[in-house]
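Encoded as structure tokens, the structure appears first; notes follow it.
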Amino acid sequence: MLYEQIASNKRRTWVVMFGFGLLVLALGAALGDVFWANWVSGTVIAAVVAVVYMAIMISQSTNVVMSMNHAKEITSVDQAPQLWHMIEDMAMVGKVPMPRVFIINDPSPNAFATGNDPEHAAVAVTTGIMDRLDREELEGVIGHEISHVRNYDIRLQTIALALSAAIGLLVSFANNWFWWGGSRRRSDDRDSGGNVIGIVISILLIILAPLAASIAQMALSRNREYLADASSVELTRNPQGLINALRKIDDSQPMQAADPNSSALYIGDPFKNKKKMGDLFATHPPIADRIARLEKM
Amino acid sequence: MGWIILIVVIAILAIWYVSSYNGLVKTRTYVQESWSQIDVQLKRRNDLIPNLVSTTKGYANYEQGTLKKVVELRNQLTAVPADDHQKTMEVSNELSTTLRSLFALSENYPDLKANTQFTNLMEELTNTENKIAYSRQLYNSSVASMTVKIQSFPSNIVAKIHNFQGSEYLQVPEEEKTTPKVNFDDFK
């Protein structure tokens, strides 16, 4: 089960990288076509930017994600003995190395894990979760995060996050040029019919890109939460702790420090999106469903 | 032609034999390693108990009876022969239960709970208790995988030739016995 999950996560990571790569290239081509009437240069620039960005993100992913979420690293057990000991326990029983530990100064209880693989993983928790949850509950949460580490969910999610952030960057870049640079050029050669189609495609891409990115991110995360909950119970042997933890996480105010792009990483939706219509686009399965599954154990 | 087939068959058998043997050695090492993890924590707890006694010394009426029992069990634990894992865990489980009741009773001593030295010590002891429980969980799961290797065909042949012995599972205390059934079928 675990090995299948790891293999599938590694495979999906490649598919996601490939898919996002295509999307970035298409976007680059469309933008190149609009601004310079030359899709080749757009594609080349997008490819270069994408490769450089991906290289930086992959090598720095943990630090980038942590600073995006205002998380501060703690490096010794004395800074938070309980938390440190619990992470140590869960890493031991999950047979992964001790991850780096980060704390987010936010009164809302939440936690997430990130990194490229179990050897380079990190776990972050909010100060709120340390204040409000008792030992058994927090242990369930840490078990959940260590399960994400152990089955390579973190690699897939971190790369998806990096790539969707890249597309966001590209789109906002394009938006700026569309208003400032694009209009000048458009008046120069308004007689070329092909450009109109190019512009339409570009607009579509500019609208579609963020949507595609967010849907891809959502597809990555939902079933994983159920699985990580179950794996956590396998480690702690204590479903009640996680059930109570999920209740407390659900019953709290939204987070201030969380980064919107990273919301899928968190154990509970940090922004508490309760819209019914949002169900299809929700990054997290409803807490009630997760509790129901845990209660069956 | 016949020779080549014979050599190939012998080579395959030799490779199989070596890899089963190495597999058995590996699982045996895992079992030994996970025992030493438990052992480290047991020693650590034995070192912490005198601190508990000295920290609570100023609080004359602090659960003398329970405290005395803790110290007795600790001394008993150090006297158990190192290779008697079952007996060691038996005493250790009793010590865990006594310590847990001591922790629960400390709720009645507000001034003791305000003592940071005491709260630090409590965290250390709780941490050790949890680590003992988790390393026992690991130990039992590595014993399980070793048992499978020793008993299943064909690796049982190699196990028999080299006299690999399975280890006994460690007893889990009554109050921790309710193991939840984790069902992964929903995620397939």
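Counting begins at 1 with the first residue displayed.
For all residues, glycine too, the Cβ spot is worked out from N, Cα and C.
Just one of A:Glu4, A:Glu225, A:Glu295 is listed by TrEMBL for the same Zn(2+) site as A:His144, A:His148, and that one is A:Glu225. Figure note: comparing Cβ neighbours within 10 Å for the recorded positions A:Glu145, A:Glu225, the maximum is reached by A:Glu145. Those same-chain residues not listed among A:His144, A:His148, A:Glu225 yet with C-beta within 8 angstroms of the centroid of the Zn(2+) site C-beta atoms are A:Ala113, A:Glu145, A:Ser147, A:Asp153, A:Arg224, A:Leu227, A:Ala228, A:Asp229, A:Ser231, A:Ser232, A:Ile267. In this structure, the CA atom of A:Glu225 (Zn(2+) binding site) is 10 Å away from the CA atom of A:Glu145 (active site). Within 10 Å of the C-beta atom of A:His148 (Zn(2+) binding site) sit 29 other C-beta atoms, taking all shown protein chains into account. Per-residue pLDDT, averaged along the domain 'Peptidase M48' (A:80-296), amounts to 81 for this model. Every protein chain shown contributes to the tally, and the Cβ of A:His144 (Zn(2+) binding site) ends up with 28 other Cβ atoms within 10 Å.
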